[in-house]
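A quick write-up on the structure given underneath.
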Amino acid sequence: MIKKIGVLTSGGDSPGMNAAISAVVKSAISKGIEAYVIREGYKGLINKWIEKVDTTFASDIISRGGTIIGSARFPEFKEESVRKIAVENLKEFGIEALVVIGGDGSYQGAEKLTNLGINCIGLPGTIDNDIVSSDYTIGFDTALNTVVRSIDQIRDTMQSHSRCSVVEIMGNGCGDLTLYAATATGAEVFSTKESFLTEEEICQEVKNLAKAGKRSVVVAVAEKLYDAHSLATKIEEASGYVTRATVLGHVQRGGSPTAMDRYLAVNAGIFAVEQLIEGKGGLYIGMSDNKLVARDINSTLNMPKPDKSQEYQKARKNNLSI
Ligand code: ADP
Ligand code: F6P
């Protein structure tokens, strides 16, 4: 059986990463395996920022946002020569297996490390919910609740002044945060990469709502599609509503994880250690039909995105009826 397991967090952080780290460390130690943390993602593997930890390290972190071991984007890891240094360093510490908590970019690194002899298991840590083979990712629920709380607050003041607000939401090309938040807040107009509205179409929708006598309007848009402030100006000119813009930004990535994110993180962490003990690697843990599944990283990276067009249509119809 393996004697030493390492854990690292990579890519953009997400609420619940600490809960996953805690579960990996505790379950490894409870099975007689030494636990190591690698600080600052793959960068820490190259710089030997590797540290043995005990269960004290893992206690009382379950409710904390962010990642206490640090995360980083380290593009150099795409080079095989750099990954070979990582493997040498891990061998020097006697670490035979790794849990990598991150998004699909991090899994590519994990897959390649597995091919070099270090068994790796990926855990889905990202607010974007863009891991195709998992219904939900660790951090999505917390970020969603942050977005919903923010839109509710914006709605209060828009309602008082009979205004319109553009709210820009993260997601890195995945519209789930915007779709779920728009559904949960009744945002009248929303647009994502998957269900895109041009600026002209958005202005027209808001103009229609003004004509129909709607007192306040929320336009929820996924990031990287528009300039939120210039869109607000165009909406104001077209509709007559005084229109403001709020870019929610990194507030969406922080905060104490929700119970659902902690539940997923802890169970996925324990499951990952079980897989490594069985000698498996190159796998990714996801949530499918309410069950944890371990799938081949390669196959998950090539899976088609689930079609959510029905959900988009239903939410659009529902939110536009005033
Ligand atoms: P995420 O894991 O959240 O998708 P990134 O795409 O930024 O975030 O990836 C995180 C890190 O994973 C990168 O900074 C890099 O260190 C590593 N990585 C990404 N793509 C690859 C790849 N093709 N090969 C090896 N490592 C990769
Ligand atoms: O992947 C998580 C995420 O927050 C995306 O939603 C967003 O596009 C990106 O990271 C922001 O990255 P950074 O923190 O480097 O600005």
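Cβ coordinates are placed from backbone N, Cα and C, and glycine is handled just like the others.
The substrate site recorded in TrEMBL includes Thr126, Ile127, Asp128, Arg163, Met170, Gly171, Asn172, Arg244, His250, Val251, Gln252, Arg253, and the single candidate from Glu111, Glu188, Glu223 that the record places there is Glu223. Gly12 is the only one of Gly6, Gly12, Gly173 that TrEMBL places in the ATP site (with Arg73, Phe74, Gly103, Asp104, Gly105, Ser106). Of the residues proposed, Arg149, Arg155, the one TrEMBL records at the same ADP site as Gly186, Ala187, Glu188, Lys214, Arg215, Ser216 is Arg155. Taking all protein chains in view, 22 other C-beta atoms sit within 10 angstroms of the C-beta of Glu188 (ADP binding site).
Of all the binding-site residues listed (Arg155, Lys214, Arg215), Arg215 has the fewest other CB atoms within 10 A of its CB.
Cβ atoms within 8 Å of the centroid of the Cβ atoms of Arg155, Gly186, Ala187, Glu188, Lys214, Arg215, Ser216 (the ADP site) belong to the same-chain residues Met158, Gln159, Leu209, Val217, Val218, site residues excluded. Close to Ser216 (ADP binding site) in the fold, though at least 6 residues off in sequence, lie Arg155, Met158, Gln159, His161, Ser162, Arg163, Cys164, Ser165, each with a CB less than 8 Å from its CB.
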